[in-house]
Amino acid sequence: MCAVSAKLVEKHIMHSKFGVNTMEGYNSSLNCKVMVTQAENGHYDDNNNNVDQRTAREKAIDDWLPITSARNAKWWYSAFHNVTAMVGAGVLSLPYAMAELGWGPGVAVLVISWIITLYTLWQMVQMHEMIPGKRFDRYHELGQQAFGQKLGLYIVVPQQLIVEVSVNIIYMVTGGKSLQKFHDTVCEDCKKIKLTYFIMIFASVHFVLSHLPNFNSISWVSLVAAIMSLSYSTIAWSASVDKGVQQDVDYGYKAKSTAGKVFNFFSALGDVAFAYAGHNVVLEIQATIPSTPEKPSKGPMWKGVIVAYIVVALCYFPVALVGFYIFGNKVTDNILIDLEKPKWLIAMANMFVVFHVIGSYQIYAMPVFDMIETLLVKKLNFRPTAALRFITRNIYVAFTMFIAICFPFFGGLLAFFGGFAFAPTTYFLPCVMWLAIYKPRRFSLSWFTNWICIFIGLCLMILAPIGGLRQIVLQAKNYEFFS
């Protein structure tokens, strides 16, 4: 077997020398290299059959950790998990982003982002099992394969943590604001209650749901959330149509100065980047789907992704285009706030948002729980117990709640984190990994496509946080903590 592996690896090197490296050739060499490594470690027997050489403790830990404890998900789990992960707070801010981008650039950015992120999501689904016999269940594991054991961790883990923790904080703010809007809509004469208390009410749900052990256990939460996302998106644009085009509607830029227009444009790029943010949990979702050599997980996973992206298009484009058409540049960063009648419908839409971001919070929190519990159990040798899980998850929910209460700058947070963290992990990091692992021939279609995505993603990463940070500064001028 080693002789055959050596010959195939040598063949791959010869292909690389003459610039005719193909995906098939590289996959063959990857296959052989992993077979050699696993044979040396005792993971393969003489008949090339997988042999599980994990110790009883390692197996028990893997069966306890959230990502690897269940692998019996169906393809439709992938569909609604991805809808829940992607559609969320971002869709409500898209009309506002359109107002800051303008008709032409706005439509172009929305369409290009949809295409690029679908392409990079396809790359991640393909790379999940690019080495036969091995699954990259977590984003950082794929990063380690592409960049090396240490460098891969340093590149991926900080970005993934920033994304997932920031999403959870923003969803705390979104859930609290939507509850507040629901309360103020159904009870106009009631005493006004501070946003702080609504965020605490929203967080109380997660002190319970966060103790569900893994992705499959929150599938029903995710399904409800996916249905809610399509529902409130439909209400948002249909209620806008019913409201009709507003008097003195203006489709020009709201800012009068050139600097203001430019900074707002940058901020809007971050809003769009935030809206397409499901990549940070895609490998973890795919890890829950069963896989065999005859039926790899990428088949059902990609089927679910296609359904999810159709739903994303049905949510994003009508809300963004109709919302901007109806309200013009007077639209706020949450379109449901602009809709006041019919009251019952707006109240219901806000509750749909609450239910959806409950599911989204759990989807993004699960990989964080997995990282924390892996560190505690594998590195610090804590026992994998229910008590450990109870303490760590409650601390995490309390942390995100506290930060959300301190910094409820919804619009600015979207733009800042959308550019700073979401653009790398969504728009170009998968492309960088693809180039590092598969090494497509220079100036080939694959090579050009990936470098174009990398260039666009880098522009987003640099420009969007500038606009978002400016918005946070402007909104923070008159803000008092815990007010």
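Each position is counted from 1, following the chain as shown.
Every residue, even glycine, has its Cβ placed from backbone N, Cα and C.
Copied over from TrEMBL, here are the features:
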- 72-467: domain 'Amino acid transporter transmembrane' (DOMAIN)
- 75-97: transmembrane segment (TRANSMEM)
- 103-122: transmembrane segment (TRANSMEM)
- 195-212: transmembrane segment (TRANSMEM)
- 218-237: transmembrane segment (TRANSMEM)
- 305-327: transmembrane segment (TRANSMEM)
- 347-369: transmembrane segment (TRANSMEM)
- 390-410: transmembrane segment (TRANSMEM)
- 416-438: transmembrane segment (TRANSMEM)
- 450-473: transmembrane segment (TRANSMEM)
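Listed by sequence, the residues of this chain that lie at least six past the ends of the transmembrane segment (347-369) yet keep a Cβ under 8 A from its Cβ atoms are 66-67, 81, 84-85, 87-89, 92, 138-139, 160-161, 163-165, 167-168, 171-172, 174-175, 178-179, 181-182, 185-186, 202, 205-206, 209-210, 212, 214-215, 218, 221-222, 224-226, 228-229, 231-232, 235-236, 239, 280-281, 284, 336, 339, 389, 392-393, 396-397. Against the transmembrane segment (75-97), stretch 305-327 shows more Cβ pairs under 8 Å than any other of 103-122, 195-212, 305-327, 390-410. The stretch from 103-122, 195-212, 305-327, 416-438, 450-473 that makes the most Cβ contacts under 8 Å with the transmembrane segment (390-410) is 195-212. By number of Cβ pairs under 8 Å, the transmembrane segment (305-327) is matched best by 103-122 from the list 103-122, 416-438, 450-473. The list of residues near the transmembrane segment (416-438) in space but at least 6 beyond its ends in sequence, with Cβ under 8 angstroms from a Cβ of it, reads 23, 26, 90, 113, 116-117, 120-121, 123-124, 127, 130, 139, 142-143, 145-147, 155-156, 159-160, 162-163, 166-167, 170, 266, 269-280, 446-447, 449-451, 453-454, 456-458, 460-469, 471-472.
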